[in-house]
Amino acid sequence: MNHDSFSSLKFRRPSSKLHKDPPSIGSRMLKSQQSNTSLKRHPSAPVYPRSSASRSREHSRTRSNAYGSSTSSLDQNSGGPSPVLANNESGYFSGNHNTTKSRPPHSGRFSLNDQSSDELIGSPFDSRGMLSALQENTAESDRQPIQKPPTLRSQTTPDTRGLRQSASFTALHNRMDALVNRTDSDRSTNTKRYSDEGNGTKPVGRSKKASFSSFVNSMLGSPRGIKISAPENPVHVTHVGYDNQTGQFTGLPKEWQRLLQESGISKKEQEEHPQTMVDIMRFYEKNAQGDDEVWHKFDHAYAHHHPVTTSSSQPSSGGSTPYGTVGQRASSPTSPRFPQNHEGSFENPRAPPPIPRGAPAATQAMSPPVGGLVPNRAPPRPPAAANMTPARPAPQPPTTASYATTRPVQDPWPQFGTIPENAQPFGTPPIPESEPLPSGPQLSRSNSKANGATAPWVSPAVTPSPTQYQQQQEQAMATAQQAIASKQLDRSQSLRQQQAQQPKQKQATHPTPQQVSPVEDPSAALQQSARAVPAARPRQRARQSNAMDIRSRLVAICTPGDPTKMYYNLNKIGQGASGGVFTAYHNGTGSCVAIKQMNLDLQPKKDLIINEIIVMKDSKHKNIVNFLDSYLHGLDLWVVMEYMEGGSLTDVVTFNIMSEGQIAAVCRETLNGLQHLHSKGVIHRDIKSDNILLSLDGNIKLTDFGFCAQINDSHNKRNTMVGTPYWMAPEVVTRKEYGRKVDIWSLGIMAIEMIEGEPPYLTESPLRALYLIATNGTPTIKDEQSLTPVFRDFLHLALKVDPEKRASAHDLLKHPFMSFCAPLSHLAPLVKAARLSRAQEKAQKGGH
């Protein structure tokens, strides 16, 4: 059958008159087979009654008033009950083809006349043509205003008498069922049964798209909504505030509350300066995570009066070595106040005081001094004249027994010059060797065991009376890290055991400089392992460079070659957690040099090493320790520097009383070095007597550039809290932005150190010292009236709290106090006296 003849409802008749006889049965069967679709009548389509008596010779069209088009209507008996409605509610067969012409019997049209239904049974029908007609009729009916018919009622039952359905109609309605996609339940609740009954319904084309989309979604599944899981491994960050109404801190952890109670800061002081306390506690909060290297400084603040089992010939800690780059900051606090061997007199005897990081810690002097807690050596009297020369001989060091019994009571932070280097740690069997230490034996001037036990630096046969006082010292600085320390305990203990054997194996298998030097003590390895297992430091890990990147940068700045073939006669004079300090002689010139060996794997901040090397290379000045060379030898970094055999300024201020002329000379040389650094945009940030080295001739040079910071026009301020607490400027303590003037404040504190023998607040806990620096501002001098007015004015300008009003290095170099400067040769006797006093101290303690 030709499909084009059924593309619309208007067909051309081959003749104007048809015979009554219908097509033969065979013809109908043949055409029925051509219809490839079995159609079924829609279940809800109305059944129209027919009059069996109306028959005629022709197929004449019967116009129906119940439909909009006579071409799509079914003849019915209007007299009987019927669901046929006006305006063609069904909508399936609506159209605009209003014609009365008769049609061919085989045209496939589905309108019927009064002819008997028996004659049309099995009449063929083309579904594709019907679908095209439906789409056209639907589009036309959408453009015509249609009056909404009344709703069909369930009581309306059509009269089905005399009507037999054709198989074509049944197949057609099944096809339309799939296209319209309606259910009986939908039509029972919705009066708009078909697409042409309402303006809001979708055409058949859209229904096809909807059906296809539903099919695809059913096959592929609808996209799932985004699900956000709960946070994993959350970390609680402590937030500390201050309630102005109640005058109390809010959000303080128990450890901090106990720390404040034991630090000697009264509630009255806390209420008087709440913002200062918040700043200090935030400082603790930040650095408890190990973000700043200042904690290393705290760790070694008082290393000299805590014992660690070492051989009597073990040299002092590299942490007290002025040549120790990062090793000085992360050094082992195993050394006493002064080095063991005389050749190490250049060594930095007093390591910077850091706050513990997961190591056994105890803060010293947490409460006011108990009766008898007076330094053995009274502070030196300020000089009366500029040309005054030291007249007091070095004090005799106490014996081991007297030190063990009286020293803990007199001063938890011993005064310099009175502590024999072979005191309890070296002269008597120490206790802590057999005791388990949390996360490493980090015993230092500000440290003890984190569990709050009595500090193990007292002789086993003698126990100090103020044990409770000592316990307070131990707990003060450890509380912020107890949780972290407990987590690191197991791993750090195993690593300590492994690394304790490494120095012995290295000595047995490799001819390294350690063989030339005295035997290393196992405690140094323990200190190294403790440093190798630092506490959790999330922020620092984010900022640390990759290990390979660090090594590549070091390769770029280091000299290629084997340093063991360039230097000979290495003598170990110091030991730190990162390595040892040696003196050696150059093969070519025969000059004596200082070599700092650092194990890169043990460095907490490798960037500081690179920073220090770069600063020293670019800072050639007569008042800065001369950097000679650097080498990468295996896993160690060798830094070769000028050897200052006179030692540090700390030795001089400990064993001698300095005149104003000598103090002025030291200040002048230090200011010259600072001016050079500041002109290059470098801030030293750790000026103190420990980092001022002297030669035997009295020449003065700066050292330890690991904490240097670069500033420029775009970044001319810093806010990182680094340095040693007792020498820190107020703007650093309160975490404000700072610049070059922080070095000037530290110089003023160092001047007080040369007057009194120690910096202000040294007998206070580090936390209270920070509080006093922030609240008191300019410190007071014990006997200020004995100073000349010019010297007092010099100190006043250097110790201005407001950095804008504080003098610069250039200003102080022009100050009248500089005219008091004594020749540098006048410092040579002080250096020699300090060396002699140290040698006598060793002899009395059995040192060799």
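Backbone N, Cα and C atoms are what each Cβ position is placed from, and that goes for glycine too.
Swiss-Prot lists D686 with the feature active site, proton acceptor. The ATP binding site annotation in Swiss-Prot covers I573, G574, Q575, G576, A577, S578, G579, G580, V581, K596. Taken from Swiss-Prot, the feature compositional bias 'Polar residues' covers 65-102, 152-171, 328-338, 441-451. The compositional bias 'Basic and acidic residues' annotation in Swiss-Prot covers 183-196. According to Swiss-Prot, the feature compositional bias 'Low complexity' maps to 308-327, 468-515, 527-537. Annotation source Swiss-Prot lists domain 'CRIB' at 228-241. The annotation domain 'Protein kinase' is assigned in Swiss-Prot to 567-818 on the grounds of sequence analysis. Taken from Swiss-Prot, the feature region 'Disordered' covers 1-208, 306-547.
Projection of Swiss-Prot feature records onto the structure.
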residue : record                       : DSSP (3 states)
I573    : ATP binding site             : strand
G579    : ATP binding site             : strand
D686    : active site, proton acceptor : coil
Field: binding-site residues listed as I573, V581, least Cβ neighbours within 10 Å
entry: I573
- line: Taking all protein chains shown into account, the Cβ-based neighbour count within 10 Å for Q575 (ATP binding site) is 37
- line: Integer Å value for the Cα distance linking the residue listed as 'active site, proton acceptor' with V581 (ATP binding site) is 20
Field: Summary of DSSP states over the domain 'CRIB' (228-241), given as helix, strand and coil counts
entry: 0 helix, 1 strand, 13 coil
Task: Count the Cβ atoms, other than its own, that fall within 10 Å of the Cβ of G579 (ATP binding site), considering every protein chain shown.
output: 29
- line: Cβ density check for D686 (active site, proton acceptor), other Cβ within 10 Å (all protein chains) comes to 28
